[in-house]
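Straight from TrEMBL, the features:
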type	residues	note
BINDING	Gly8, Ala9, Gly10, Thr11, Met12, Gly13, Asp31, Glu91, Lys96, Ser118, Asn142, Lys273	NAD(+) binding site
DOMAIN	3-182	domain '3-hydroxyacyl-CoA dehydrogenase NAD binding'
DOMAIN	185-281	domain '3-hydroxyacyl-CoA dehydrogenase C-terminal'
SITE	His139	site 'Important for catalytic activity'
Amino acid sequence: MKNVAVIGAGTMGNGIAHTFAQKDYKVQLIDISQASLDKGVATITKNLDRMVAKERITEEDKQRTLNNITTYTNMEEGVEYAGLVVEAATENVDLKLKIFQDLDRFCPDDTILASNTSSISITKIAAATSRPEMVIGMHFMNPVPIMKLVEIIKGYSTSQETYNMVEEISKKLGKVPVEVNDYPGFVANRILMPMINEAIETLYNGVAGVQEIDTVMKLGMAHPMGPLQLADFIGLDVCLSILNVMYDGFKNPKYAPCPLLVNMVMAGKLGVKSGEGFYDYSESRKAETVAKMFA
Ligand SMILES: NC(=O)c1ccc[n+]([C@@H]2O[C@H](COP(=O)([O-])OP(=O)(O)OC[C@H]3O[C@@H](n4cnc5c(N)ncnc54)[C@H](O)[C@@H]3O)[C@@H](O)[C@H]2O)c1
């Protein structure tokens, strides 16, 4: 399998495309927005430049990686030869169901369809296709080129053969795959999101400020990044959507999103990608923000 289509060129999609391309897969990067594709390729280029500067890869590796990526705004054209599709579009259930119906129509019969969803049921996504045994969760972590884990989620109908293929591909990417069953939040977010939500609740209740909460968790618990900073990196809209899926899925109030998180998402304060979340990422404040984060 040499051709991998990646749907969505946002935070995760460009990282997934980068990772496959660096391991010599031919990547078809597909997004409905040309601006997202341009931004995604610019991000990949910048990240590769950083790797060259650190002498982790050579200039030739960088060029080879970029040459392995082709961009498309038309899904049907992009997936024509794909052996594997990794969907990393916006976290919205109706959108994903529609994308998987389209993928099922446009992809060859033997194409494995994987979703990078953080929380939406793989079983539900699979049921939108005529090949549920070939649908699987391939949950990469952010930033994808650096983070080792891939949570591989088996839906109710996912075949062992599909699992084995995706496990092998994950290993070829230099990642460590972990097998997980399909329940809301899987493992990573079921544990991480309540912690992030509690950090936001702590801020909302006025117990401590942003930097203070993050410092407690960094220096007290040896976390490499505070939970509020991590939420900014993940995207506050993504955090809210994952909490809502767990709240609905388990019918348990412990997953209810903090009203402050809901308000920030409604106000468009989504974290790094929108330029502001718990920290300010605007150009004029970037240096100050970075200094605070590493304080
Ligand atoms: N952000 C994280 O840290 C993180 C971590 C693990 C998994 N995820 C999951 O990865 C997925 C993507 O998240 P993200 O943070 O990269 O989102 P994002 O908002 O950064 O990017 C989403 C991209 O999808 C594109 N898109 C929307 N509809 C599309 C369609 N019909 N076809 C093609 N492209 C389309 C958008 O234009 C955008 O570029 C979500 O399912 C999310 O839950 C996110």
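Just so it is clear, glycine is given a Cβ too, placed from its N, Cα and C backbone atoms.
Annotations in TrEMBL come from automatic prediction, not curation.
A strand conformation is recorded for His139 (site 'Important for catalytic activity') in the three-state DSSP classification. Long-range Cβ proximity for Lys96 (NAD(+) binding site), meaning a same-chain Cβ under 8 A and a gap of 6 or more residues, is found for Glu87, Ala89, Ser115, Thr117, Ile120, Ile125. Summarising the environment of Gly8 (NAD(+) binding site), the number of other Cβ atoms within 10 Å of its Cβ, over all protein chains shown, is 27. Of Gly8, Gly10, Met12, Asp31, all annotated as binding-site residues, the residue with the shortest Cα distance to His139 (site 'Important for catalytic activity') is Met12. Highlighted here are the binding-site residues (Gly10, Met12, Asp31, Lys96, Asn142) whose C-beta falls below 6 Å from ligand 1: Gly10, Met12, Asp31, Asn142, in sequence order. A mean pLDDT of 97 is what the model gives for the domain '3-hydroxyacyl-CoA dehydrogenase NAD binding' (3-182). Our reading of the NAD(+) binding annotation (Gly8, Ala9, Gly10, Thr11, Met12, Gly13, Asp31, Glu91, Lys96, Ser118, Asn142, Lys273) yields a largest Cα to Cα distance of 21 angstrom.
Met12 (NAD(+) binding site) falls within a helical segment according to DSSP. The number of other Cβ atoms within 10 Å of the Cβ belonging to Gly10 (NAD(+) binding site), over all protein chains shown, comes to 19.
Every protein chain shown contributes to the tally, and the Cβ of His139 (site 'Important for catalytic activity') ends up with 24 other Cβ atoms within 10 Å. Its own atom aside, the Cβ of Asn142 (NAD(+) binding site) has 15 Cβ atoms within 10 angstroms in the protein chains shown.
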